[in-house]
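Enquirer: Next up is a structure, given as structure tokens.
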Amino acid sequence: MNPLAISIFIMSLAIGTTITISSHHWLLAWIGLEINTLALIPMMTKNPHPRAIEAATKYFLTQATASALVLFSALINAWQTGEWTITTLLNPSSTSLSIALMMKLGLAPLHFWMPEVLQGIPLLPGLILSTWQKIAPMTLMLQISQLINLELMIFIGLISILVGGWGGINQTQLRKIMAFSSIGHLGWMLIILKFNPQLTLLSFTLYLFMTSAMFLSLIVSNTTKMQDISTTFTKIPVLTSFMMLILLSLAGLPPLTGFIPKLLITMELMKQNAIILASTIMFLSLLALFFYIRLTYILTLTLSPNTSYSTSLWYFKTKINFLISPITSFALFIFPLSPSLLLLM
């Protein structure tokens, strides 16, 4: 794709997200969401493959439906209250708006577009879809968190954690596994959103780092299927070892970064006397732990001493992205800083 076109699309993504984050008016927030959607679709279809066209069409229809519901709910709320302010919401409008934002985030049971779209597009647009495109809807969710029905958020969060674990168990495509991983992580954030929005913001920030590190590793190693990662160690041994640690971090195992949100969310639920809810989400997260451990097991089977000593040129053709080192460090080694991060939030 033309570098000028790519720069325009990336600038449009930044402008759309900035408009949504900084707006106090529902119409401006809706405009920012639309700019985000329209800027990503050309990047999805830069390779004119039928699978990519299908994925872009599904993405456009889903996002258009959610945007229409956002605009309709904002209009109804403005008609009832006389205001377009984001934090001024009545009950029917707040429920429909939250459902529309959950559809944009890909939360269950409105998640059906997410794995199919992510599977049909290249890895770089997949990285943007899994990270950057979730910033604007999550910002709106944080602003209206105290106006959303608690039972609805807990129900959607539990279903998302269940679907995120159950759906990823039988997958062999890494992009679909990352899609279900995203659904599961967002379920954890949604459950704690009403109790502690700052903790949701911290969990979302750490999710962005971990998912970005995993996608960048997949981009560098050019792997999209589970069988592909069994040959990556001979090409990029150091990155393959870090990829294994990133998977364990996504699984939420200590002492890696991914353990921070699970620990803090569980502690917050215990403070709120929601012991049964905390136990339920921990048991449901064991489903996701299974496919993370399975991927880690496949990676460990290919570690040294099974190293190939071939001097072929393909061994030296891998280009390492300069963003991988800092993002991987954040995705793995922030756990000792968790008290400072909590105080900062």
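Cβ from N, Cα, C; glycine included.
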Enquirer: Under TrEMBL, the annotation transmembrane segment belongs to which of these stretches: 56-76, 119-139?
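Expert: My reading of TrEMBL: the transmembrane segment range is 56-76.
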Enquirer: If you count every Cβ pair below 8 Å, which range out of 26-44, 147-169, 200-220, 274-300, 320-344 shares the most with the transmembrane segment (232-253)?
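Expert: If we count Cβ pairs closer than 8 Å to the transmembrane segment (232-253), 274-300 scores highest.
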Enquirer: So what's the mean pLDDT when you look at the domain 'NADH dehydrogenase subunit 2 C-terminal' (289-341)?
Expert: 70
